[in-house]
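To keep things clear, I will list the structure first and then write my remarks on it.
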Amino acid sequence: MCPLKSGTPDPDPWESPLFTLAAPLTVVASAEGEGGGFHAPSITDFFPPAIFFEGTIFEFNRVMLIRVIMTILLLAIFVIAARRAKLVPGRFQNAIEMILDFVRINIVGEIMGEERGRRYVPMITVIFLTVLTFNISGVIPFMNLAGTALIGLPVMLALWVFVTYWVAGIRKHGFGGYLKANLFPPGVPKPIYVIVAPIELLQILIIRPASLAIRLMANMVAGHIMLVLCFSATSYFLFEAAPALKAFGVLTFAGGFAFTLFELLVAALQAYIFGLLASVYINLSLDEEH
Amino acid sequence: MDVTTLAEVTGNIGTVGYGLAAIGPGIGLGILIGKTIEGMARQPEAAGQLRATMFLGVAFVELLALLGIVAGFLFV
């Protein structure tokens, strides 16, 4: 048997080119060919079989379960922190306040400034914490799948940002004024507007929200695939490969461990970047001059 | 004429495509982060602002590499 051949005999689980982006709830049952060979991670990992309501649009699978658990966890932490809030914070409250201050000062404050940003602090905080929590589930043992690794959740968050910066811009400049400020930036020679205006329109309509969503999802997908690759290689080398190859198992295990730490960093970084870009986009809508 | 296959590579050329797609962002990240470090060394008091701006730039550059991943899965 060829050691580097995927053991899953799936014919072609993604016939439609829209399989990942348009169908976050579609379940492609991955044929788990147990035993023998090395299992390369594949995109089917992200479409586990349904737990209940199979075949309906409310289909509930492992990813949904992870999302529900992480939501409850996040809410529980903050409800407990809010209930026990004291004037002189203890260690737990201190940690929570540090996170909230980080969002308020280092993300929103830095980009929008204290005064303008005050209105958007709650929104950016919710986005930051949501992304952080769902990202972290990717490295929690027995969950091992980031809630944001399917496009549905990132798209929802990106749409929220999209609606917010449009509403903010229209409220400030009026619909025509907002479009004019964005599509026709001052200081550009007149004929160049033929090129600049469509690009800018594409930018505010599609590229900004799509890049927010794709960045988050692709990061989590790539991270998960990297971890699975390391640990399934470890399992293969340790339990199935020839004795001479077993030493490699230690190497891949160390790699997997390092990548787990790296994924923790990426989880926090992506939450930071999502919040940062959201505030940058809102701030761009509020600027007088583009 | 009989063709004897001595060695064979299976898989998808899309993988190579992703490798190519990672070159550009790699160079971009190198320049971006290197320049930020340079700026921090020259002016340590501006480090916080430089870092925030760097991450903004990193997000845009990194997106190109990530589009490579997504395109690899989409257009296979």
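The backbone N, Cα and C atoms fix where each Cβ goes, glycine too.
Residues or ranges marked as domain 'V-ATPase proteolipid subunit C-like' by TrEMBL: B:17-75. What TrEMBL lists as site 'Reversibly protonated during proton transport' is B:Glu62. Look at TrEMBL and you will find B:12-33, B:54-75 tagged as transmembrane segment.
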Residue numbers, six or more beyond the limits of the transmembrane segment (B:54-75), whose CB comes under 8 Å of its CB atoms: 14-15, 17-18, 20-22, 24-26, 28-29, 32-33, 36
Secondary structure at B:Glu62 (site 'Reversibly protonated during proton transport'), reduced by DSSP to three states: helix
For B:Glu62 (site 'Reversibly protonated during proton transport'), nearby residues of its own chain (Cβ under 8 Å, 6 or more apart in sequence): B:Pro25, B:Leu29
